[in-house]
Amino acid sequence: MSFEHKSVLLDETIENLNIKPDGIYVDGTLGGGGHAWHVCSRLSEKGRFIGIDQDEAAIKAAGKRLEEFGDKVTIIRSNYCDMKEKLHEIGIDKVDGILLDLGVSSYQLDTVERGFTYREDTALDMRMDQRQDKTARDIVNDYSEFDLYRIIRDYGEDKFAKNIAKHIARARKEKPIETTGELIEIIKGAIPMKLWINSGHPAKKTFQALRIELNRELEVLKNSLDEMIDILNEDGRICIITFHSLEDRIVKTIFRKNENPCTCPSDFPICVCGNKSKGRVVTRKPIAPGEEEIAENKRAKSSKLRVFEKHENR
Ligand SMILES: C[S@@+](CC[C@H](N)C(=O)[O-])C[C@H]1O[C@@H](n2cnc3c(N)ncnc32)[C@H](O)[C@@H]1O
């Protein structure tokens, strides 16, 4: 199967990275190398590009796609939460730009055996990094009913979370839940039919919740952003594309905190906490795709781009 993925907010992201031809740029969610190709094509012989992804298939596909750029490109299989350490290992401590295009690629979603899709019956997997042992099957069968409820409520924002967790807990007493098809049937039984018939797939939110929990998507994002801002050079930018409100809220909050980290009470005449701003939020409001992009690529519909620019010496 070829690696099919249409990059979202491509022009907006490339423009906002403010690429300097001699600079060093990192893509922490390389995927098939769609955004990456456009970054690399703007670099001079002196410029460098480092692409990181935890998925082996993405690493292979991007390696091929970026072959033409030769030594300028380094590809690393890793979680982006280890970006600072991985860059240090290849002699890089500061970079001019970082890109994150979060979530899963269309290739991952469309490769049925990866278990991300609720459109086919396959093993409950959902691992982005297949070196990891734990799969979605383990969550569905081993988490307590309360923990299932909590993740479906918090990461899926499904108002039927309690009922879905109850139905899963009841079904697995009979036999372990092994496949996406079995799980979908259980979810359908937990949501009144008249409500799911007209409002998208009934398992969509639960599948999102399981994927986020298994791949620790929000935790990794929350724990990585400050360090990424730290490794930016002066005037360097970080561009982040999110696909749902949970991710977007984290990015917005951490960018704002880095712009204004002062913790002094608002009635203090001067700042005494000593926390210094690390830069400015470039996007007061997130950049959203235009109608044309949404018409061409359904996946773009919920995407948002936020940008932060590093300034420590002003
Ligand atoms: C939306 S795709 C990126 C597509 C890419 N921008 C393009 O245009 O081809 C997201 C990719 O990020 C990877 N990914 C998600 N979270 C990651 C993480 N924490 N560390 C490393 N890779 C991650 C996924 O495996 C997937 O390949």
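Every residue, even glycine, has its Cβ placed from backbone N, Cα and C.
What TrEMBL says about a protein is an automatic prediction, not a curated fact.
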With Gly33, Gly34, His35, Asp53, Asp101, Gln108 listed by TrEMBL as S-adenosyl-L-methionine-binding, which of these, Tyr80, Tyr143, is given for the same site?
Tyr80
By a Cβ-Cβ criterion of under 8 Å, what residues six or more beyond either terminus of the coiled coil (204-235) are in contact with it?
18, 23, 28, 79-81, 83-84, 87, 93-98, 100, 102-104, 116, 118, 124, 126-129, 134-136, 139-140, 151-152, 154-158, 164, 180, 183, 187, 244, 246-247, 250-251, 254-255, 258, 278-279, 308-313
Distance in Å spanning the most remote Cα pair of Gly33, Gly34, His35, Asp53, Tyr80, Asp101, Gln108, given for S-adenosyl-L-methionine:
18
What mean pLDDT does the predicted model reach across the coiled coil (204-235)?
98
